[in-house]
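Swiss-Prot annotations:
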type	residues	note
ACT_SITE	395	active site
BINDING	394, 398, 404	Zn(2+) binding site
DISULFID	339-499	disulfide bond
DISULFID	365-385	disulfide bond
DISULFID	504-540	disulfide bond
DISULFID	511-533	disulfide bond
DISULFID	520-537	disulfide bond
DOMAIN	293-500	domain 'Peptidase M12A'
DOMAIN	504-540	domain 'ShKT'
């Protein structure tokens, strides 16, 4: 097994090839509490005169190839694309080995032109892999159709009009903003996939496959690859919606919005919102019949943890005592400020639970799913970004069902996104979340939310912010991305999600938006709001 030290060195080295490994990622994410959320230094660490770090980095860089080869061997067999990519740089393999890889590729991409009627040959390897990063969706199994309920169907026209300027069509940006992104791509290569993205996805894949095989006895390599493929397909669809298809290839790192893992159901829902329902080669088993969906938290309790019993959690053996203390501190903060309770298990229990795992990687600070997922919620933490407790709070809140603050449907009323300075390949980190998926519950926007990203997230010019507060800019820009503690707004939203009595709920995802416009007690809507928006309006 690859040692934790080897993992650490591997990801550190990969970061070096793209600038400043720690400042570039952690500070922009807002997770590196030690960097004060300010502009980046204007010299790369280790390049200063007489700095011993320069020699150290040089020696580490010399180790990259050998380490990369090692992790490739360890992850071999989990991702056929990765295997084929390595195979393309060597001599033809034995025919039996090639046939196995070709079959796996065609099972994963049944619509690929080289998989129609016969298996591809080794000399087809270039065309097999070409285009996957730009438009892989048409070769994957079909995205199932989902009949998504319109939450505004039958709603009073005044309430509909109240959403003008707030309700944003998922993935839509102005032509001017799209042109800003195109201009960036004239100055940088927006289609090249960085090696750190490939390695990050392989590390997550291996960690997940090992966990589910160990705990549940399941081999989930194919399932995880489809999740990653759907995540990439979603990123591609968002770029297409912004008329950036063919201009930008998104980061193929297995995650969405920098630290979110998506289930296939979540990805399929958003793909349907982007008009991709039915796209693909052949129907997925059992997907011929269109499904009715409403993923809004109040109406889809599969994503919510039961409030009647403590949430089970456990630690992977990869966490040392200090790491465990950080997570316990995070859990303690949530318990002290809300009604939510957790229960520790020394070994993974049967059924749903949160499993905290350590991945020694400065390529990310933490990763999590949103809401409860089957069969368990892995939370991946690197403990290399400063303030491990605050990062654990952030990722645990994702597991509880909370999305990022800066992606709220009303975010453009509170921050300005500088589209002329964002990394185009990280476009998904700036797209306002699907308004049918998440509600604000009437909680005001909070610059100091522990769920907000840093002001310099995804910046091309890392001396300039990508997110600028529209209120009291000088004071609030330093609050963005703080990981010191939960804000009052973070506490309020968890209490509304989990700590209200039975029957205290919202019946419409836009209740929170209406509540923030003081429509709860409006004489024209009071009766309807009392019946349908009890939680967001604080009527219970």
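Backbone N, Cα and C atoms are what each Cβ position is placed from, and that goes for glycine too.
These numbers come from a predicted model, not from an experiment.
For residue 540 (disulfide bond), the nearest neighbour among the recorded positions 365, 395, 499, 511, judged by Cα separation, is 499. Comparing local CB density within 10 A for the binding-site residues 394, 404, the maximum falls on 394. A strand conformation is recorded for residue 533 (disulfide bond) in the three-state DSSP classification. Non-local neighbourhood of residue 499 (disulfide bond): 307, 338, 339, 340, each in the same chain, at least six residues away, with C-beta under 8 Å from its C-beta. Once Cβ contacts within 10 Å are tallied over all protein chains shown, the disulfide-bonded residues 339, 504, 520, 533, 537 are led by 533. The Zn(2+) site, placed at the center of the C-beta atoms of 394, 398, 404, has further neighbours from the same chain whose C-beta lies within 8 angstroms: 259, 260, 368, 395, 397, 402, 403, 450, 451. Around residue 365 (disulfide bond), taking its Cβ as the centre, 29 other Cβ atoms fall within 10 Å, counting all chains. Its own atom aside, the Cβ of residue 395 (active site) has 26 Cβ atoms within 10 angstroms in the protein chains shown.
For the pair residue 520 (disulfide bond) and residue 385 (disulfide bond), the Cα-Cα distance reads 42 Å. Ranked by CA distance from the residue listed as 'active site', the recorded positions 385, 404, 504, 537 have 404 at the top as the closest. Fewest Cβ neighbours within 10 Å among the disulfide-bonded residues 385, 511, 540: that distinction goes to 540.
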